[in-house]
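Below is one structure, written out as structure tokens; comments come after it.
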């Protein structure tokens, strides 16, 4: 697998192009909007300089990255000789459905397509395309050039060998793929995040605590462990006899909690306005972009530091 | 508030004694088992040396910490002149009920008692004690000398001024208190963790993915953000128009997820045996203690690094 085509050059596509080029691949960028391609190229330029400064470019130079990127003036030009297409088009079903139909006759018979969609099941936009068994979801977290996790989600008709190929490719990129055995709503990441968000909104709506209290519970508590130890290993290390021992003691409390979380609630306008206002007291709307830049910088620093500390303490 | 009594010197009590002494308080340790007191003192000695080496002792010397600790031979001796009692007795209701009755006549009328319980509501063991309005839950995460979060949970009869006192004390210690307006099952932290665990077990039981995949979803994905940005701020920073904008787009997916998480499941023996086995493939039982030591060392290093990076990027 040598040639990569990126179809859709928004935030996600731009970051993907850096991920592929950083691993040595030739990457062709395409977007129906030429302006989006330019923005993506600028993003890669700026981000690869920042990563190089932090030693996160894995021995590459920003100019090497730039040299591996090409742009295409049409979808056909982008995908006709690609071995792998990473599709990051807008999250709207009719757009994806039309795009997959358009791509099918243009790509090589042995090429595969991974979709960056965070929420659309792969079956919803690949059912009617002739190459559907070579299509699946390859969902990154944003931004993939910093966050390693990638969810691999096959449609019912995706060939297992295609999932294998995607998994091997992601490892080659230095990403961390997890493999779902089938489609589920929200995949894994959004199901876990959804469980947290739904409970967090429930607690605020019921007047138990503030939004800031929820966030502190994570950043000053749970999140300090989950940064490097997952939920299962965390409980495995929290009892003398491992996970089985933990569950023998605490399954009843967790079941009691589950029984109190059975009312799926729509987030009401009143609730959302309340929590949104609480967020604005923390970060006024006009400072949101500055705060995002702060987040991205800290995220990069934390990830570098995590990698160093884990290497020194392996 | 000058004098602190620690009643119950297991893992949590031992770590608490370090937290209080590190902040300059005189601390009296008591446990019905003299051996437990000795173990706690050894723990503080060892841990304060380790923290000093990592610059996490806040300018104190290990010998200063040691000098602030006293031991008591009886409950009365421990609590009679204490301004604040941190109770960390075993998590069994009859034990706590008896202990609170025993303490009531022994402590000063203006003293207060905070319980370290992680799961028992404060009303369940303070209802019948005469000083019940000065009792509440002050629940740390383990170990409190590394993890700042503390949950403050009043019983229905706890005086608001007592919650204020506990909050101020926790801030003085350098902990981060969050304040629940009332008792709820599992407080905040275990409700959030429970939401994740219940969904994680559901996904494994339903054959969607492995336990390792769940853990990777956290450590290589969600947990990288939640380490320093809570769930609400995370979504606030993930849409152009902040939290309201995020929810306008993604409330339907989160509601769909909620509707699939309405079946409270008991964790079956078969499921627990399966996941426990998966954990043992990662860490054989005989290496669990070594892995816990690794976790504690990394946790301290990550927390120090987090503090430094946030200071440099504030």
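Including glycine, each Cβ sits where the backbone N, Cα and C put it.
The annotation domain '3-hydroxyacyl-CoA dehydrogenase NAD binding' is assigned in TrEMBL to B:3-181.
The annotation domain '3-hydroxyacyl-CoA dehydrogenase C-terminal' is assigned in TrEMBL to B:186-253.
Taken from TrEMBL, the feature site 'Important for catalytic activity' covers B:139. A strand conformation is recorded for residue B:139 (site 'Important for catalytic activity') in the three-state DSSP classification. Packing around residue B:139 (site 'Important for catalytic activity') is summarised by its Cβ count: 26 other Cβ atoms lie within 10 angstroms of its Cβ, all protein chains included.
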PLDDT averaged over every residue in the domain '3-hydroxyacyl-CoA dehydrogenase C-terminal' (B:186-253): 97
DSSP-assigned states of the domain '3-hydroxyacyl-CoA dehydrogenase C-terminal' (B:186-253) in counts, ordered helix, strand, coil: 51 helix, 0 strand, 17 coil
